[in-house]
């Protein structure tokens, strides 16, 4: 996750960068259930409104939660599917509140009303993220259910009335990019605390719909708008909205280039130190995933690669064990190839999102086709052939993944 507002603030109010020693404890994103009342086009878990066999039992989930607490992860995000559809969500969340420093809920928002909204407030979640992918019918088409927009908006308002910090999550595609200005206005009108723009990741239904990914021009236009909006908040103009992006760490380099054009060299050098201390893509390093079956992955999109299962081995042991793919992800620099391997900004970006490269080439270290930076911006040769996105036409037409 690229915290645009945070790093913009470093240009105005600089603080020393914090250099991590060794591998940090990860933020854990835990998919508690695959069941969901929506059918989103980008869903990486391919969720549906049915029961899925093999999900963690209440006892297994409690045991895993205690291990996470002892491991002292910096943050725990409870997700799904739709986590509010898991019967023991609030029991788990109440215990998690006592065990973790930061506790967040990732929801489609349609169920955060009435008594359930009261329970969310009582638990004391630090943050509730609600997904909205367009205004009105655009969101409903994206999420597969008519009325989903109004229900999610009701969830946002329920959170705000109860004093819960709430954010909107928006996945950008070619179909909804034009509505980004309206969504930012919605944040201002509703007093939303955070806006999270997610770039499309080619996992689950997101892979099947990868042909609808936003092209590079749309992505650059969206980033220009987000930077301008973050600047308003940094300068004390309008509603104070925190801006973050995810799943395309080229955003950090794009922002760095914007800073070069608008701030003195000394401030830009300070910003780069902070961005290098952050390091870009955090899969297998600062982010971990436990899926609904209890399988552990480098992040939520790495379902093709499993480190192990918490049904057999505690998460803490799996994460600190000798897994070869985790070891490769933690290398700096990473063993990147193609355009990413030749890029001058690997220390900032970390190689971007490896899953897009994996889906198109079978190689987790190939270049990321969603990098929208030009050859001049990356310092790469102009004659390097770009990896382009082929629309999905079936699994048998994609290369099989090859890991270490």
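Every residue gets a Cβ built from N, Cα and C, even glycine.
As given in Swiss-Prot:
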- 36, 40, 43: [4Fe-4S] cluster 1 binding site (BINDING)
- 340, 343, 349, 371: [4Fe-4S] cluster 2 binding site (BINDING)
- 22-235: domain 'Radical SAM core' (DOMAIN)
Number of other Cβ atoms within 10 Å of the Cβ of residue 343 ([4Fe-4S] cluster 2 binding site) across all protein chains: 26
Most Cβ neighbours inside 10 Å, all chains, among the binding-site residues 43, 340, 371: 371
Spatially closest candidate among 36, 40, 43, the listed binding-site residues, to residue 371 ([4Fe-4S] cluster 2 binding site) (Cα to Cα): 43
Average model confidence [pLDDT] within the domain 'Radical SAM core' (22-235): 98
Residue 343 ([4Fe-4S] cluster 2 binding site) to residue 36 ([4Fe-4S] cluster 1 binding site) - Cα separation in whole Å: 40
Residue 349 ([4Fe-4S] cluster 2 binding site) and residue 36 ([4Fe-4S] cluster 1 binding site), Cα-Cα, nearest whole angstrom: 33
Beyond the site residues 340, 343, 349, 371: chain residues whose C-beta lies within 8 Å of the centroid, for [4Fe-4S] cluster 2: 249, 250, 253, 336, 339, 345, 346, 351, 352, 367, 368, 373, 378
For the binding-site residues 36, 40, 349, the one whose C-beta sees the most other C-beta atoms within 10 angstroms: 349
Cα-to-Cα gap, residue 340 ([4Fe-4S] cluster 2 binding site) vs residue 40 ([4Fe-4S] cluster 1 binding site), nearest whole Å: 30
Residues close to [4Fe-4S] cluster 1 site centre defined by 36, 40, 43, Cβ within 8 Å: 38, 39, 42, 45, 46, 47, 48, 81, 108, 143, 144, 205
